[in-house]
Structures are given as structure tokens and as C-alpha cells.
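**Student:** Encoded as C-alpha cells, here's the structure I'll be asking about.
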Amino acid sequence: MTTTVVGFPRIGEHRELKRITEKYWKNNATQTELLEAATAIKEKHWDIQAQAGIDFVSAGDFSFFDNVLDTAYLLNIIPNRYRELDLDDLDQYFALARGYQEGEKSVKALPMKKWFNTNYHYIVPEINDTTQIKVTGNRLFDDVALATSKHANVKASIVGPFTLLKLARYIGTKQAADFAVDTIAAYREIFAKLNETSIAWLQIDEPALVFDLTDEDKAFFQDIYTQLLAQEHGFKVNIQTYFGDVRDIYSTLVALPVEGLGLDLLEGKYNRALIKELGFPNDKILFAGVVNGKNIWRNEYRKTVELIKSLPVENYILSTSCSLLHVPFTTANEPNLNPDLLQHLAFAVQKLTELKELDAILAGNGDTALEANEELFASVNHPFDANVHARIDQLTEADYHRQPSREERAKIQKAEFNLPELPTTTIGSFPQTADVRSNRAKFRKGEITRAEYDAFNREKIADIVKFQEEIGLDVLVHGEFERNDMVEYFGEHLAGFEFTKNAWVQSYGSRAVKPPIIWGDVSRKEAITVETSAYAQSLTDKWMKGMLTGPVTIFNWSFPREDITPEESVTQIALAIQDEVLDLEAHGIKIIQIDEAALREKLPLRKSDWFKEYLDWAVPAFRLVHSKVEPTTQIHTHMCYSEFNDIVKAIDDLDADVISFEASRSDLSLIEDLKANNFETEVGPGIYDIHSPRIPSKDELVDIINKILAKLPTEKVWINPDCGLKTRGDKEATESLENLVAATFEVRGKLNGIN
Ligand SMILES: Nc1nc2c(c(=O)[nH]1)N[C@@H](CNc1ccc(C(=O)N[C@@H](CCC(=O)N[C@@H](CCC(=O)N[C@@H](CCC(=O)O)C(=O)O)C(=O)O)C(=O)O)cc1)CN2
Ligand SMILES: [Zn+2]
């Protein structure tokens, strides 16, 4: 048997890629320095794989920003407004990803969306009627050439034509099928170019096959691949899927003239049944996704071996369930972690060893590894808290329902808050500038005291409150300067969570997160935000919005334990956050935002699973958090990057008073769905994209507000950016907000007949 991985993390063991890329963006590093750093990272990662004994090292999984964008770029899917900027290759690429603003030139970034059910985001390729799909890029071929010059056995990977065309956005009249001919020709050319190299395998990533597929999708897939595979190729081809099962297309897949099929046997549990019931051809190799690419727990060898042996498959390559992009680099950089927990962890590097050990065990010479692993699994010991369990046992239906109804509350709250029409607010965070980060870094290293750390943040809060008052925002925030991350920070104040020092996972572009680990039963150890919010409120006569992260998001953006159900974990977290909500209310905070940024993210990929597997417990968990507040307390929530067109009713069911969400990078199509579904919650559709450094003009914001008001009743609309401002610089944040307020004043004036 042999081994490989679907993909390896690419930001670098110490986030080297992030650091050099951000320097390059700030003109503090040259393009040569950036390219050299990238080469060093790729070479190091191939060496790590080879040294761990992995048989086929992975090329093509590196990216300066995102793999989907790389593929679009390779295939000339570059809208003209970016070409007109007249930039060099790499800067044009970054312009698509981040937008561009220089003198007169100003172009928005392409939209960014959640990559399936992960916290990774891809750039959505934009295709219009004049897009000419053909091979124009070189980066893939250069990477493959470099890999094959260093390693004998190389597997290259690329996003497949079906997934690319499925995920792209079509802004003209032509649709995916209209681009099939050119796309097939382009991939045939990729085949031809790769044929000149010595790669052993080409992995074509087709994760879009795990969605619900229509007959049309299936025919489209088959048509593309029948033509593509007719192209001569000396390498073997593996069609790789992940994040779910391929129930709609399995028979087609096993009949294709490819040498390999990559199936996720963990998240795609049903793939096991497909193989057992429908068989697996002896002339194909199963890339068996048995080492989890999403969780951080050690693999239980006995179970994996049983799984492999239970399948009627002749030929295997042992692999990961998906790319290791979604896990941190190595546990070796976590010397201070609770040793009881540490022994149960496997990050990317450790997962390579697991593949090798499993390979040995299956070959009959891994007894020592198997025994050690069995011993480890005999001793899992999650911290238990009887109080937490008792509290959950006592919950009744009433705990999940806030009184009175939202309609009643809206009247009470209009009188209570006396806000102007189209109230303006922000999503919570203000720029986490170098001074904010370095203050925290100093505190972490013990260079300053807790009091000094807090004093600095208080000054920041005072400044930002003053700024918001000056520019005329209506509902203020304290700026979230005290938070390293909206999930990690809450985890740090909750019992049951553990933290890493270096376990970074890429979220988008140069940005990464360090998800906390849920290891024991969860409860609130202490008040979390009360002092900060109360202090901020004391500085102003305007309303101060308290800012919390909701239970579903804390759960989804942590590494969850797997010995209890997600429902149980989320309920534990919900009760902890409920304590905080009531504490905030008791301390005079009357507007409380409970962020559920990640609610949409883990919505099952198949519609049939949406309610039973997820929404039926995720929505109640949110209600549990706020059900006990007074009618005069206004509950806000926030969601980002959400395509929730199909779950509008479920969002209303959260029973929040106000919701803000992302709507600006994409079109405003969601607003139509809100209207069509008689959405009841008051809404703040984000009017500009905070993930790009570009500053929106007042006129452009007036235009967007008017578009929103054309669809939604004025009394239900709030005006805000589409997410928190933490990733922005001070200048961008300040000017954008000034324009936001100015635009709102202008529209309000017009509404009231003043010009
Ligand atoms: N968990 C999570 N998921 C999310 C989001 C989110 O906010 N959180 N937002 C959406 C978009 N995704 C995002 C993901 C990351 C970041 C982000 O800003 N990440 C920061 C890190 C944030 C952080 O943890 N900061 C820490 C550590 C910062 C750091 O790097 N410190 C330096 C030292 C700095 C110094 O000495 O001055 C170091 O460790 O080397 C802190 O502030 O304390 C980054 O990549 O740069 C933003 C959005 C969706 N998913
Ligand atoms: Zn957000």
C-alpha cells in the first residue's frame, strides 16, 4: 500500500507566508522576496512529507491566496476591470483577491465565500459573456516542475472543471454549460502540459460532487470527464472528493476511465455503504480518506483498520479525508499544553506519521504502533462537571422562548431607545492595529502587568467612543480591542476549553485563526465582557451595544470534542453565554449583540440533513441564550458571508430583534429573499465590504442604501458595514465610516423631504 495527503497547510509552520505577504502588500518587501519565501515553504513542506515516509508528495496545493482563484487565474477567468489596472501578474492576482485602490484607479475585490462547511474562504470566480477560458497562467506548471526536480514521486492537484464551473458566478446571460467546450479544451491543455513533466498522479479536486446533484449536473459532469479523459496522459488521474459522500454520482464515478477515486470515508460516512453495496472496481485505486483532515484528534488505528478491512476494495492508497489545510501545522510547537490533552492530538505533521503507521499495520508490521495507540485510547479522560449536566437536565420548553413576541417587543423598544430612522451602527471590532496587538503580545510575554494591559485598552475604548460620537453613529460599540479573536477570547474565559500557542489555521488569504480546543464540560468561569461594556457605556450618553459570540459560532470555530454530540456541546456553551447576557443586562447594557457569524457554515451540505442534523438544535441553542432578557433589552445578531437564501425562516426563528449580515461583496440578492419570505427581524444588510482595504465613496453608499430601501420597509432597516473592522487600518476604517454616516444623513434627509 502507499500513502499521500489531499493537501498540506501552506501558510507555513510559523505563518511565514502571512508575514512576508503582508509586508509585500505594505511595500515593505519586494516581489522577489515574496517569491523566494514561497519557494522555501513549498520545498520545506515536500521534504516534511517525504521524510515522514509519505509516498507521493503534494504539489499544486500551495497558493498565495486561494486555490480556486489560482485555477480561475490559470484559466484566464479575469474580469476586464482588473486587466485594465495594468498590473503585473502577481499584483493583478492580488487585485482580484483584495480589490485595488491607487489614485484614480479603484476596483472592488471579487466576492469571498465559505469553502463548503469549513472556516476557509475561497474567491468566487466571475464569468461574463466575453470570458475566454483558456490556459494563460504558469504557476501550477512551475510548482510541479520544482516538485519533480526535488522528489521522484509527485502528485499534483488542481481544482476540477465541474467544481470550478459550479462555484463560479455568472454575471452575463451565459451559464456554466455554455463554457463547457472551452473549459474542456483548457483542461486538456493542462493535461498536455503536465504530460511533459514526470508526475505520477494528477489529483483533480471535485468536492462539488458531494452536494445534492440534479440530473443536469450529473450529465454535465459525465460529459466534461468523458471528453477530458480522452486526452492522452502518461500520469494517472484521481478524482478527489471530500466533505461528504458522492451518493448521487457514485455509479458514474466508478465507471469513468480514471485510475483513482478519492473518497472521504469519515465525513462521507455514506461512502462506506456505497462501496459495500455497489462494489468498487478492481482496476481502480481507492484514495481512502481515513485520516481526518478537519479534526485534531489522534486516529484510532483499530477502528481505521477495521474500516479498511470491511470494504470490498482491492487497491488502496491511504490518504486524508480532505486537505490538511484545515488543521494546524504541528503539535511540536505546543510544549505548554496540558499533557493529558497533548497526547491525544495530531496536527498536520503528526497525521503524516499516522498514515505511515496505518500503512505498516495494514501490511502486518505495525504491532508496536497499534499497541501504543490502543493504550492511548484506553485512557481518554474529559474533565466532567456534574453541575453542567444537572443544569441541562432541568431545561424545559419555556427556556427556549422569549416573551413577549418580537412584534410587541419592537414597539416597546422603539419607545425605549428613540433611535432615528435608519439607525447606524458597526459590527463591533475596530482596527486591531500594531499597537493593540503589541500591547497584548507584551502582556502575554509578561513584559507588562494586567493593569497596564487594561489601561491601554481603556484608552483605546475612550478614543473610539469619542470618534463614534463625533462622526454621529447612533449605536456605539467599545471596539473589541481586548480580543485576540472573537472565539478564542470567549474560550479563554470558559471552563472546558484549552489553548494552543501556535496552532494557526488559514481562514482566508493571509488571515488565520487559532481555534480553541473543547476538552471538558463547558461553563462560565467568570464575567467576560461586563466590566469592559459597562466602562464603555459610562463614557457616553448614546447606547452602547454589548458584544458576545454565540454558542453555535463558538462551537463551530473551535475544535470540538467528539465523545459527546454537537447538540450537547452547544447547549453547554449556550448556558454559559446566557449567564453573560443576563450579567450584561444587570449591569445596564440594553443592546446586546450575540454574533452567530458561523451559523450558516456548518449547515449540512445536503438539504435533507439541514433540520434534523443541525438547525433543530442550533436555532434553539441561540434562543436559549437570550430567552430570559427583558422586553426592553434589544438582542442583535450578526452573520457573515452568509448565503442564507434558503434558510431565511430559520434565521427569523432565532427570534433576535435585529440582524446584520454580509451583503456587499456579492449583489444584494439576499434582500429579495428576505422580502419574499416576509422576514420579520429588523435588518442591517452590510453596505460595504470590510475585507478589502478599498474605501467606498459616499455616493456609492447612498446608492446601495436606496437599493435596500427599494425592497425593505424603512422602519426595519439598519445601516452598518458588513462585518467587524478588526482587519482594517485606522484610515480606511475611519473614512469608510464617515462616508457611511454621511450617506445615511443624505438618505434620511431625502426621506424627510429635505434636500
Ligand atoms: N475564528 C474566527 N473565524 C472567522 C472570523 C473570525 O473573526 N474569527 N472571521 C471571518 C473571517 N476570518 C477571519 C479570520 C482571521 C482574522 C484575523 O484577523 N486573524 C488575525 C489573527 C487574530 C489573532 O488571533 N490575533 C492574536 C495574535 C496576533 C499575532 O499574530 N501576534 C503576533 C505578535 C504581534 C506583536 O508582537 O506585535 C504573533 O503572535 O506573532 C492577538 O491579537 O493577540 C491574523 O491572521 O493576523 C480575521 C478574519 C470568518 N471566520
Ligand atoms: Zn462578520
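Glycine too: its Cβ is placed from the backbone N, Cα and C atoms.
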**Student:** Given that TrEMBL assigns ILE427, GLY428, SER429, ASP595 to the L-homocysteine site, pick the one from GLU469, GLU470, GLU480, GLU643 that the record assigns to that site as well.
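**Tutor:** TrEMBL names GLU480 for this L-homocysteine site.
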**Student:** Which of these, GLU662, GLU738, GLU746, does TrEMBL list as part of the Zn(2+) site with HIS638, CYS640, CYS723?
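**Tutor:** Record source TrEMBL; matching candidate: GLU662.
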**Student:** Looking only at ILE427, GLY428, SER429, GLU480, ASP595, which the record lists for L-homocysteine, tell me the maximum pairwise CA distance in angstrom.
**Tutor:** 13
**Student:** Can you list, in sequence order, the residues of the same chain other than ILE427, GLY428, SER429, GLU480, ASP595 whose CB lies within 8 Å of the CB centroid of the L-methionine site?
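**Tutor:** For the L-methionine site the neighbour list reads THR426, VAL477, MET486, MET547, GLN593, HIS638, CYS723, GLY724, LYS726.
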**Student:** Judged by the number of other CB atoms within 10 angstroms, which among GLU16, GLU480, ASP595, GLU601 is the least packed of the binding-site residues?
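**Tutor:** Comparing Cβ neighbour counts within 10 Å for the binding-site residues GLU16, GLU480, ASP595, GLU601 gives GLU16.
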**Student:** Which one is it, among the binding-site residues LEU17, LYS18, LYS114, TRP557, GLU601, that lies nearest to SER429 (L-methionine binding site) by Cα separation?
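**Tutor:** Comparing Cα positions, the candidate nearest SER429 (L-methionine binding site) turns out to be TRP557.
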**Student:** For ILE427 (L-methionine binding site), what is the tally of other C-beta atoms lying within 10 angstroms of its C-beta?
**Tutor:** 27
**Student:** Nearest to LYS114 (5-methyltetrahydropteroyltri-L-glutamate binding site) by Cα, among ILE427, GLY428, GLU480, ASP595, HIS691 (recorded positions)?
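**Tutor:** It is HIS691, whose Cα lies nearest.
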**Student:** Looking only at ARG15, LYS18, LYS114, HIS691, which of these recorded positions has the biggest number of Cβ atoms within 10 Å around its Cβ?
**Tutor:** HIS691
